[in-house]
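S.K.: One structure, as C-alpha cells, below. Some questions next.
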Ligand code: HEC
C-alpha cells in the first residue's frame with residue numbers, strides 16, 4: 001500500500017512540476033481583459049487606505065510602542081558586558097558542580113544578608129546535594145511546629161519540605177541592620193534584573209579599589225559603576241580565597257561570582273535543564289510530523305495540481321485566418 005502510494009506520489013510530483021508552469025501560463029492569458037478596468041478612483045482609494053493604515057500604525061507606535069525610560073541610559077549605570085555563559089546555550093545544562101559551589105558561596109557569604117525564601121531544601125536533592133546532605137542541612141535550623149490544642153507552637157528541627165530560612169525576621173529588621181537599605185530576596189534575582197547573569201556577575205566583581213575622580217558617593221554607599229546611580233548600599237563581599245571549595249577549585253573572586261550567579265540562575269529557573277530537553281524532543285517530533293504533513297499535502301493535492309482542462313471547440317464553417325490556432329495552448 002505504502003509502496004504504491006509512494007509510486008503515485010513521485011509520478012504525481014513530477015507531473016505537478018510541469019503542470020504548475022502551464023497553469024501559470026493559462027492564468028496569465030486570461031487576466032488581460034480585466035487589467036484596464038482600474039480607474040484613478042480605485043488607485044486613490046487604495047493609496048489613501050494604505051496611507052491610513054501606515055499612519056495609524058505609526059501613530060500607535062508613537063503613542064504606546066516606544067520604551068519609556070524612567071532614567072536616561074547613562075543614569076541606569078554601566079551596561080554589563082555579555083559573558084559567554086555555558087549554561088545559557090540552547091544545548092547545554094547547568095554545570096551542577098558549579099551549582100554546588102555556588103550554593104556554598106550563597107550559604108557562607110550572601111545568606112547573612114539575603115534571603116532565598118522560595119527555595120525549599122527538597123529542591124536541592126539531586127541537583128546540588130544528596131538526600132542525606134540536604135536533610136542534615138535542614139536539621140541545622142529550627143522551625144515552628146503546627147499549633148497544638150492551646151494554640152502554642154514549639155520548635156522542631158527542619159525537614160526537607162521546609163524553606164531555606166531568612167536572615168532577618170522581617171523587612172524592617174533587614175533595613176535596620178543595613179543602613180536603611182533592604183537586601184532583596186535572591187530567589188528570582190536573575191530574572192528580576194535587566195542583564196540577568198551578566199549584570200549580577202558584573203555587580204559582584206565590578207567594585208573598583210577607589211571611586212574614580214569626580215564621582216560623588218554618599219555616606220554609607222559604595223561606588224559600583226554597574227548599579228543604577230552608581231551608589232550601592234552593599235559593599236564588596238567577594239575576595240579571593242573567601243571560601244574553601246570541597247572539590248579543590250581555587251576560589252578566586254570571579255570563580256565565586258560565576259558559581260553564585262549560576263546557582264542564582266538555577267534558583268530562578270530550576271526547570272531549565274528539563275525545559276531544554278523537552279524543547280529538543282518537541283523539535284525532533286515536530287520536525288518529522290511537519291515533513292510528513294508536507295508530503296501528505298503534496299500527495300493529496302497532486303491530482304488537483306496536475307489536472308488539465310481541455311476546450312474542444314465545435315468545428316466552424318468559416319475559414320480561420322492562418323495565424324490563429326484555436327486551442328493550441330492546451331493541446332501540446
Ligand atoms: C553585608 C550584607 C550583604 C551581603 C553579605 C551581600 N549583600 Fe547583596 N545587597 C546587600 C544590600 C544592603 C543590598 C541593597 C543595595 C541597595 O539597594 O543599594 C544588596 C543588593 C544586592 C543585589 C541587588 C542589586 C540591585 O540591582 O538591586 C544583588 C544581586 C546582590 N545584593 C547579590 C549579592 C550576592 C550574590 C551576595 C553574595 C555573594 C551578596 N549580595 C551579599 C547586602 C549584602
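In case you wondered, yes, glycine gets a Cβ from its N, Cα and C as well.
Nobody curates TrEMBL annotations by hand; they come from automatic prediction.
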S.K.: Given that TrEMBL lists 110, 113, 114 as binding heme c, which residue among 234, 272, 278 does it place in the same site?
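M.R.: The one candidate that TrEMBL places in that heme c site: 234.
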S.K.: Report the member of 110, 113, 234 (the binding-site residues) whose C-beta atom has the most other C-beta atoms within 10 angstroms.
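M.R.: When each Cβ's neighbours within 10 Å are tallied, 110 leads.
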S.K.: Report, as a single number, how many Cβ atoms besides its own are within 10 Å of the Cβ of residue 114 (heme c binding site).
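M.R.: Result for residue 114 (heme c binding site): 22 neighbouring Cβ atoms inside 10 Å.
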S.K.: Determine which residues of the chain contact the region 'Disordered' (135-170) at the Cβ level, with the cut-off under 8 Å and only residues 6 or more beyond its ends counted.
M.R.: 111-122, 124-125, 129, 177, 185
S.K.: In whole Å, could you give the widest CA to CA gap in the heme c site formed by 110, 113, 114, 234?
M.R.: 11
